[in-house]
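See below for the structure under consideration.
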Amino acid sequence: MMPDLLAGFAALVLLSVAAGLARVLRGPTAADRMMAAQLLGTGGIATVLLLAAALDMPAAVDVALVLALLAAFAAVAFVKGASPEGTGDPEEEA
Amino acid sequence: MTSAATLYGLAGAALVGIGLYGLAVQAHVLRKILAFNLIGSGVFLVFGAVAGRGGGAGGGDPVPQAMVITGIVVALSATALAVALALRLFRETGRVTLPPDPPAGARDG
Amino acid sequence: MTALYLLDLVLVPAILLAACTAVGTRDRFAAVVSFIVYGLLLAIAWVRLGAVDVALAEAAIGAGLTGVLLLGALARMGRRADEAAAAGPPGRTLRLGAAALGAAVAAGIAAAVLALPEPAPQLSGAVAEALPALGLGNPVTGVLLAFRGYDTLLEAVVLLLALLGIWSLAPDPAWGGLPGLRHRARPEGVLAWLGRLLPPVGIVVGLYVFWVGADRPGGAFQAGTILAAVWILAVMSALVEPPAVRSLALRLALVAGPALFLAVGFAGLGLAGAFLGYPAAAGWAKPLILLVEAGLTLSIAATLALLVAGTPERAAG
Amino acid sequence: MSAWDLFTLAAVAAGAFFFLAGTVGLLRFPDVFTRLHALTKADNLGLGLIVLGLLPRAEGVFGALKLVAVWLLALLAAATVAQLVARLARREGDAGA
């Protein structure tokens, strides 16, 4: 009973964040696309945690740990990429 | 587990097809690199299907799993090399697409 | 468990959709972001299939390194209109032909997947039988470091070859110099703050993943990737500079793992009667494997980090 | 079904609701900054509630600590990313206007 329900919630969370793929496609700004990816990242972490509980695979929590550790990486590369040559910091000129 | 593994194996087959299409159709080198990675991960998923059918604890047969892990890391190194080549191409010629014919120098010169 | 099929019903279409977007969308940035999302979804798929070792590798590479690599390249090649856009969309014949080719290959592979023999031939039994002799609990680590050790050894060498390829693209003035361009960040800004906070945590997580790898999912590849990723973050936060690629210490770190692996492999000739064999005496295999893994973790971390850092572009100061 | 199971289900359901709300906000809100607002709510609360709900099922104290660490790391990422993306969007908005 519990594993089934947890797997169901994993599907629900994944479905709701996967809808964010529409924002990746539509934009309009690059920031919008990046935010959608960020939401998918967090939702993915939640999905993995729920799945780890549903399948009774505690080792899978480590996957969520790695995803959470690296959750900011793509966004950091993205904001750097907005500066010429991709080496700056959005705060510099602020 | 068997039928689920087969489902993801079929998804892997579709990914190889999608990647091949992108590799042929997209002109920008970065897009080609993306498409090539799709092909690779599709193959890995097919391997996953083979591993998952094997039963056993934790994802089934450990031998295909180990090969997929080495494959993922090698795919990253190939991607990094391809990106470095693309950047060099861009720096030298200002182009982001491959020349239309292999002996481009003969044509352009 | 039936609810898992509900998850499959969401996950598989999402993976295919993200793949189609990465290939099909006009906007290049959207394509790269879709690809990053695709990597994340694949990591979830590997968890779903129970292959946590693979999921860890995919999570660390897909979420960490690939995104940085591709977004960095995109930034440098520019998002402005270029000849790829000027050439217009590909011709109809090309698109139809490519679609036909892709569909045919996909159908062929699908047929092969469906035609896999029942019951599946497999090696899990053989691995499970031989694993106690190594003193390990994780069969995947056993396969990587012992049963198919030559694969792993050659893979470590392939990584080094790719790195040599990247280094050899350096222009003459920067030969042997510092990879990539110099990053800047406001010293007291958010970016520098993250760069100071996350790497220590990442080192702890990386060492943890390495250490549990003997008995649970984890190991040298996953740990090396995590360590490489947090080092790249420190570089992007302008806290550390990558070393000049001619630096001796760097080169020692790069070859330490493969060299250690080779040394243990040759020792196996004498001790176990086979190249890459481990002595049969109880208690010997595990320490040797951990030693090789420690060396590999260091070398893989250094190699992956420099693969992402790229071609030397500045002369060593 | 024990009381802990009910607690788990309630917290997980609430967390799933916040993810749903976050996506609706991301898709429906009119501009970058309001979307960013929706996103950070989902990040912090949605994942936090799901972690809270899974705590009783964690394997020992170490497992529970690991779950909390996942949440803290995600919080850190969300906070940083929100800052950086907002600055970037403001600068580009100024330039584009």
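Placement of Cβ uses the backbone N, Cα and C atoms for every residue, glycine included.
Copied over from TrEMBL:
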DOMAIN    C:15-79  domain 'MrpA C-terminal/MbhD'
DOMAIN    C:191-310  domain 'Na+/H+ antiporter MnhB subunit-related protein'
TRANSMEM  C:6-24  transmembrane segment
TRANSMEM  C:29-49  transmembrane segment
TRANSMEM  C:55-75  transmembrane segment
TRANSMEM  C:96-116  transmembrane segment
TRANSMEM  C:152-170  transmembrane segment
TRANSMEM  C:190-214  transmembrane segment
TRANSMEM  C:220-240  transmembrane segment
TRANSMEM  C:252-276  transmembrane segment
TRANSMEM  C:288-309  transmembrane segment
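With Cβ pairs under 8 Å as the measure, the transmembrane segment (C:288-309) is packed most heavily against C:152-170, out of C:29-49, C:55-75, C:96-116, C:152-170, C:190-214. Stretch with the largest number of CB pairs closer than 8 A to the transmembrane segment (C:55-75), among C:29-49, C:96-116, C:152-170, C:220-240, C:252-276: C:29-49. Tertiary proximity for the transmembrane segment (C:152-170) is limited to same-chain residues at least six positions away from its ends with a CB under 8 Å from its CB atoms, namely 144-145, 176-177, 245, 254-255, 257-258, 261-262, 265, 276, 296, 299-300, 303-304, 306-307, 310-313. Pairs of Cβ atoms less than 8 Å apart link the transmembrane segment (C:220-240) most often to C:190-214, out of C:96-116, C:190-214, C:252-276. Confidence across the domain 'MrpA C-terminal/MbhD' (C:15-79), taken as the mean pLDDT and rounded to a whole number, stands at 88. When the domain 'MrpA C-terminal/MbhD' (C:15-79) is classified with DSSP, helix, strand and coil residues number 57 helix, 0 strand, 8 coil. Look at the domain 'Na+/H+ antiporter MnhB subunit-related protein' (C:191-310): DSSP puts its residues at 88 helix, 0 strand, 32 coil.
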